[in-house]
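Chemist: Below you'll find the structure I mean.
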Amino acid sequence: MKLSFTKMHGAGNDFVVLDGYSRALPPLTDALVRALADRHFGIGADQLLLVEKPTVDGADFKYRIFNCDGGEVEHCGNGARCFVKFVRDHGLTDKASVRVEVKHGVITLTMQDNGEVVVDMGAPVFEPARVPFDTSGLDGRREGADTLWPLPVNGATRWISVVSMGNPHAVQIVDDAEAFPVLADGPAIERDPRFPQRVNAGFMQIVSRHEVKLRVYERGAGETLACGTGACAAVAAGIRRGQLDSPVTVHTHGGTLTISWDGARDERAPLMMAGPATTVFEGVIDLPA
């Protein structure tokens, strides 16, 4: 069987995008997702994105995300920007703004005249039980409006903020993001048993009150060149701690994102993320019988 696909990226976070809206697709088993995402024997991607017909009122499309390990996850901000470019470029809609069903609700994606996409990422959640994060036996430390939690990692204690952007994040502020042992600490934090659904680990260096550098070790994908939900979680944590002011420019290895949040006034306000979405190539792959 032949499978048509589009390869895209958002700030270097790369995706295989499949159209399940206008055509029938084979079942997306864990094995098939892993095969497509394999960088040596497949197409290669951090995640696979699936466009489907919505199942809830008020949505134009349904957006599903699969990590390169085959597991389906709740949200991906960089993928959301690629999603709206895909559906417009492939004639599935001519709307500048589309409403998209994801696991935790419906989000709005808007294509701007300059080619960048603005994503309404929704409001962050800080309650540990809803991230989820198990705080039993831990003594938190207040910093601004936030609570930091101690986590033993490779013989050291790391103080983290926990945030949900529809998916779980652990954010810590570091002195030097480039020098920090992300590839050692990231896997340990990702699989810490206090995170029953595992977690995305963010490492943020504050450059100024409106600028940060960020690396993210993503759950099920490892360190990626950019992580949209990770950028939102990091900025929300920094504003809540009193160390950042909106808007914030987030520098990742793959590019730059702009995050805006009026959370200092109202924590129920949505985070808005602006950034690029790029089509790399279109292709067809032969699937094993």
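These residue numbers are counts, starting from 1, taken along the chain as shown.
Every residue gets a Cβ built from N, Cα and C, even glycine.
Just lifted these from Swiss-Prot, have a look:
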| type | residues | note |
| --- | --- | --- |
| BINDING | N13, Q47, N67, G77, N78, N167, N200, E218, R219, G228, T229 | substrate binding site |
| ACT_SITE | C76 | active site, proton donor |
| ACT_SITE | C227 | active site, proton acceptor |
Chemist: Quick one: Cα separation, N13 (substrate binding site) versus C227 (active site, proton acceptor), in Å?
Modeler: 7
Chemist: In which DSSP state, out of helix, strand and coil, do we find N13 (substrate binding site)?
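Modeler: The residue in question, N13 (substrate binding site), is strand (DSSP, three-state).
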Chemist: Neighbours of the substrate site N13, Q47, N67, G77, N78, N167, N200, E218, R219, G228, T229: Cβ within 8 Å of the Cβ centroid, same chain, sequence order.
Modeler: D46, I65, V73, H75, C76, G79, V216, A221, T224, C227, G230
Chemist: Please determine which of the binding-site residues listed here (N13, N67, N200, T229) has the lowest count of neighbouring CB atoms within 10 Å.
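Modeler: Relative to the other binding-site residues in N13, N67, N200, T229, N67 has the fewest Cβ atoms within 10 Å.
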Chemist: Sequence order is fine: just name those recorded positions in N200, R219, C227, T229 with a Cα within 10 angstroms of the residue listed as 'active site, proton donor'.
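Modeler: Matched recorded positions: C227, T229, sequence order.
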Chemist: If the substrate binders are N13, Q47, N67, G77, N78, N167, N200, E218, R219, G228, T229 per the record, what's the largest distance between their Cα atoms, in Å?
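Modeler: Pairwise Cα check on N13, Q47, N67, G77, N78, N167, N200, E218, R219, G228, T229 gives a maximum of 17 Å.
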Chemist: What residues, ordered by sequence, lie under 8 A Cβ-to-Cβ from C227 (active site, proton acceptor) and sit at least six positions away in the same chain?
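Modeler: C227 (active site, proton acceptor) has long-range Cβ partners N13, G77, N78, N200, G202, L214, V216, E218, T252.
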Chemist: Would you identify the secondary structure of N200 (substrate binding site) according to DSSP, in three states?
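Modeler: In the DSSP reduction, N200 (substrate binding site) maps to strand.
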Chemist: Can you check which residues sit near R219 (substrate binding site), meaning Cβ under 8 Å from its Cβ, same chain, 6 or more apart in sequence, and list them in order?
Modeler: N67, V73, N167, P168, E190, R198, V199, N200
Chemist: Taking DSSP three-state, what's N78 (substrate binding site) in: helix, strand or coil?
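Modeler: In three-state terms, N78 (substrate binding site) counts as helix.
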